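Engineer: In case it helps, TrEMBL gives these features for our protein:
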- 192-201: compositional bias 'Basic and acidic residues' (COMPBIAS)
- 81-172: domain 'Methyltransferase' (DOMAIN)
- 18-39: region 'Disordered' (REGION)
- 185-209: region 'Disordered' (REGION)
Amino acid sequence: MHFAIWQRTLRFQRLHRTIKQSGATEQPEPATREKSTMTHSFDKKYWDEIWHGDRATAMAAGAPNPHLTHEVAGLTPGTALDAGCGGGTEAVWLATRGWQVTGADIAAEALARAADRAAQAGVADQVRWVEADLSTWEPEARYDLVTTHYAHPAIPQLDFYRRIADWVAPGGMLFIVGHLHHDHHGGAASHDAGHGHHDTDGQPPESASVRAADITAQLDPTEWEISTARETHRSMTGPDGRDVQLHDVVVAAVRRR
């Protein structure tokens, strides 16, 4: 589900800027105003539309998240769950490093693209793909690694993180990369062509963003050892070739045995 783009909202923003620059008077239709309010739910219908949209190929073709590759590279491979795996970028990367991976996502089209990517990488037998609503789904077993990258199911973000934390085996790691919640990230240029969960000002909606302290507060210190809790800013080249600034929250925690 990472790199999903709120395309209609962004098109409206760009139209708004173009009209303002031309000096014309903007008179949007009522339906256009409605689209800019970001009132949708992150449900199956929403994600199916995203993965059948014109940015799906670019979304599925990205490099694995650098936070994951840095933090997880030194771990001993075991079983892993990528919760909200989207086009399978991180799941396939884990499989190429020897992990036995389950990739779960609500969008069937995303999983089809993920399966193709795994086959091309020669690791199809190391990844199991599961179409699942992560707000209700329960795995059959716990995992040595549970990771998620900008995933947004149809429940509050912190509720989602608490759910997936329950799926980590004793001694295993929970690894979360999310959108950093901040009042000012620098305007619509930020996130615009990255993973692209945008509100009307070019930023992820408040419901899809968190702070590191919000996440760590969900983890009982008698059960978890926090190894990483940071809020970072990084640059990347988006699918359209532009440089963009990303604002991430990264949390890694190990469940005590």
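Positions of Cβ are set from backbone N, Cα and C atoms, glycine also.
Unlike curated entries, TrEMBL annotations are predicted automatically.
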Engineer: When the pLDDT values for the domain 'Methyltransferase' (81-172) are averaged, what is the result?
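Structural biologist: 96, rounded to a whole number.
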Engineer: May I have the DSSP-based helix, strand and coil counts for the residues of the domain 'Methyltransferase' (81-172)?
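Structural biologist: Secondary-structure breakdown of the domain 'Methyltransferase' (81-172): 34 helix, 26 strand, 32 coil.
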